[in-house]
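Student: Got a structure for you, questions after.
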Amino acid sequence: MASSSFTSLSVMVLLCLAAAAVASAQLSPTFYSRSCPRALATIKAAVTAAVAQEARMGASLLRLHFHDCFVQGCDGSVLLNDTATFTGEQTANPNVGSIRGFGVVDNIKAQVEAVCPGVVSCADILAVAARDSVVALGGPSWRVLLGRRDSTTASLALANSDLPAPSLDLANLTAAFAKKRLSRTDLVALSGAHTIGLAQCKNFRAHIYNDTNVNAAFATLRRANCPAAAGNGDGNLAPLDTATPTAFDNAYYTNLLAQRGLLHSDQQLFNGGATDGLVRTYASTPRRFSRDFAAAMIRMGNISPLTGTQGQIRRACSRVN
């Protein structure tokens with residue numbers, strides 16, 4: 001009986017893996033080449049303009065894609081406002097008060113709808129906008145696989161449980177990424193997104209006041225704008241990369257070598273553990289970082305997409321049709 005149950009479970013697991021592989025296989029970089037040939041150019045122009053107006057927006061759009069893919073897969077669920085039937089993801093602890101860029105996404109969606117209504121999903125817009133944001137700030141490019149569809153619901157609970165917290169140690173970070181079938185290399189490469197953007201005091205306070213693996217001068221610098229008492233200056237911002245905060249480069253890793261990682265989770269990548277070697281490699285070989293980051297972004301973009309007739313193509317990204 002136990003053997004029969006085990007066999008049935010194995011078959012179910014294989015079927016789930018096969019379904020995931022099929023969904024990813026349905027994505028294609030040329031998905032809109034006939035149905036909306038101007039889609040990618042329209043998105044790129046809007047992203048480039050938004051980042052030129054505010055460099056931080058590049059990091060915000062990249063983060064939106066990451067926070068979308070880690071909850072229910074890359075399905076645009078992070079963009080949904082609360083409704084009478086579900087509470088969205090925007091008020092989850094990792095998102096509340098910090099996730100941003102919705103107005104830019106709405107603007108992009110409106111421009112794309114004007115070109116080809118009802119064709120391009122919000123999930124795909126996030127994926128393309130993330131790539132174009134990185135490029136606009138001097139980072140690598142990659143071919144974005146397309147054909148995702150939009151979810152009709154969101155999950156506050158999954159956003160709270162599945163988005164990696166800045167307080168995680170290396171073991172838990174590795175587990176959080178493994179849950180999404182991302183490797184340790186993916187973890188270290190994708191963390192390099194912290195070469196741009198800002199973080200709130202409440203998310204790095206414990207690191208600069210309590211941790212021992214932090215450069216003393218760096219801790220003093222950050223404490224000037226982040227009081228020790230919780231509730232005091234929680235929303236004060238600091239750059240994740242003090243060296244080149246608006247350039248997408250490999251300075252994040254050189255910062256880690258000097259124990260100048262802003263978040264506890266950042267410095268965990270270079271703290272005497274299994275990822276130290278990869279951090280050193282990325283710090284010394286920017287081309288390797290760019291290559292691995294691009295590959296990891298493609299893999300992350302393949303997390304549980306809705307394809308075919310699943311979900312819908314939202315007319316407005318903040319609500320279901």
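From the backbone N, Cα and C atoms, a Cβ is placed for every residue, glycine too.
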Student: From the candidates THR195, THR281, THR285, give the one listed by Swiss-Prot for the same Ca(2+) 2 site as ASP241, THR244, ASP249.
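Tutor: According to Swiss-Prot, the candidate sharing the Ca(2+) 2 site with ASP241, THR244, ASP249 is THR195.
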Student: The disulfide recorded in Swiss-Prot for CYS116 goes to which of CYS16, CYS36, CYS201, CYS226?
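Tutor: In Swiss-Prot, CYS116 forms its recorded disulfide with CYS36.
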Student: By the record in Swiss-Prot, which of ASN210, ASN302 is the one labelled N-linked glycosylation site?
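Tutor: Checking Swiss-Prot against ASN210, ASN302, the N-linked glycosylation site entry points to ASN210.
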Student: Compile a sequence-ordered list of residues in the same chain as VAL71 (Ca(2+) 1 binding site), six or more apart from it, whose Cβ lies below 8 A from its Cβ; state 'none' when nothing qualifies.
Tutor: SER77, VAL78, GLU89, ALA154, SER155, LEU158, ALA159, ASP162, LEU163
Student: Taking each of ASP75, PRO164, HIS194, THR195, THR244, ASP249 in turn, which of these binding-site residues have a Cα lying within 10 angstroms of the Cα of CYS69 (disulfide bond)?
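Tutor: Among ASP75, PRO164, HIS194, THR195, THR244, ASP249, the ones whose Cα sits within 10 Å of that of CYS69 (disulfide bond) are ASP75.
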Student: To test your reading of the Ca(2+) 1 site: which residues beyond ASP68, VAL71, GLY73, ASP75, SER77, same chain only, put their Cβ within 8 Å of the Cβ centroid of those residues?
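Tutor: Near the Ca(2+) 1 site, the remaining chain residues are CYS69, PHE70, GLN72, CYS74, GLY76, VAL78, GLU89, ALA123, SER151, ALA154, SER304.
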Student: Taking DSSP three-state, what's THR195 (Ca(2+) 2 binding site) in: helix, strand or coil?
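Tutor: In the DSSP reduction, THR195 (Ca(2+) 2 binding site) maps to helix.
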Student: Can you tell me the CA-to-CA distance separating ASN172 (N-linked glycosylation site) and ASN210 (N-linked glycosylation site), as a whole number of Å?
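Tutor: Approximately 19 Å lies between the Cα of ASN172 (N-linked glycosylation site) and that of ASN210 (N-linked glycosylation site).
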Student: Using DSSP and collapsing to three states, where does ARG63 (site 'Transition state stabilizer') fall: helix, strand or coil?
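Tutor: Helix, per DSSP.
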